[in-house]
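K.L.:
Pasting in a structure now, in structure tokens, and then I'll have a few things to ask.
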Amino acid sequence: MQGQPTRKQLAALVDHTLLKSEATHADVAALVAEAVELGVYAVCVSPSMVPAAVEAGAGGLRVATVVGFPSGEHVSIVKAQEAVQAVASGATEIDMVIAVGAALAGDLDAVRSDIEMVRSAIAGVVLKVIVESAVLLGQANERTLAEVCHVAEAAGADFVKTSTGFHPAGGASVRAVTLMTEAVGGRLGVKASGGIRTAVDAIALLDAGATRLGLSSTREVLDGLS
């Protein structure tokens, strides 16, 4: 997207997110109410909160959740079972974290098989693959980030996603989104998440190629549109 979107256009690209471990059912209900008010695309909550989000949204709101979060170092079958349970609870999209250590070690076969196990477990459900782009760019290089995106595509992902937002290396960046967009060439969506707190941040990432935004400060970002 080039140029400044309208408030409605930007909201329609947002996964309104609450992944803090201390979040309560009341917090999730408030998140859902705000999501409906703001007109966002979906909410994204922790796996244990999927039923609460579905109930609060009366089944009329898309609910995304996370798998292997936030480290990505869960055994693949555990990620797959977590995804299956989330979908059974009403999740419509799954954001899984890759085996980041395997990616840094150059073991792309392990990265691919990990994604494929989750993909096969939830066929037909939107799957976003979190690559922790700040880690890959900081500890490896641009080629590694591109290769991981190619692996995600080959494994059947629908999106590549920059970050969990919980790693000290950082969240989304224009550089990462640009590289990821180039790597998938419009064949997959690109979700930017982590540290997006202003309208300026959001617009820059959309201009770089992001097609979805993960925001916890959604109202503040939308209110920042001039």
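Cβ coordinates are placed from backbone N, Cα and C, and glycine is handled just like the others.
It should be emphasised that the depicted structure is a prediction, and the values quoted were computed from it without experimental measurement.
Annotations for this protein, taken from Swiss-Prot, read as follows:
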type     : residues : note
ACT_SITE : Asp95    : active site, proton donor/acceptor
ACT_SITE : Lys161   : active site, schiff-base intermediate with acetaldehyde
ACT_SITE : Lys191   : active site, proton donor/acceptor
K.L.:
Counting across all protein chains shown, how many other Cβ atoms sit within 10 Å of the Cβ of Asp95 (active site, proton donor/acceptor)?
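P.N.:
So the number of other Cβ atoms within 10 Å of Asp95 (active site, proton donor/acceptor) is 27.
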K.L.:
Whole-number Å only: compute the distance from the Cα of Lys191 (active site, proton donor/acceptor) to the Cα of the residue listed as 'active site, schiff-base intermediate with acetaldehyde'.
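P.N.:
Cα-Cα, rounded: 4 Å.
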K.L.:
Round to the nearest Å and give the CA-to-CA distance linking Lys161 (active site, schiff-base intermediate with acetaldehyde) with Asp95 (active site, proton donor/acceptor).
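P.N.:
Each residue's Cα considered, Lys161 (active site, schiff-base intermediate with acetaldehyde) and Asp95 (active site, proton donor/acceptor) end up 8 Å apart.
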K.L.:
Under a three-state reduction of DSSP output, how is Asp95 (active site, proton donor/acceptor) classified: helix, strand, or coil?
P.N.:
strand
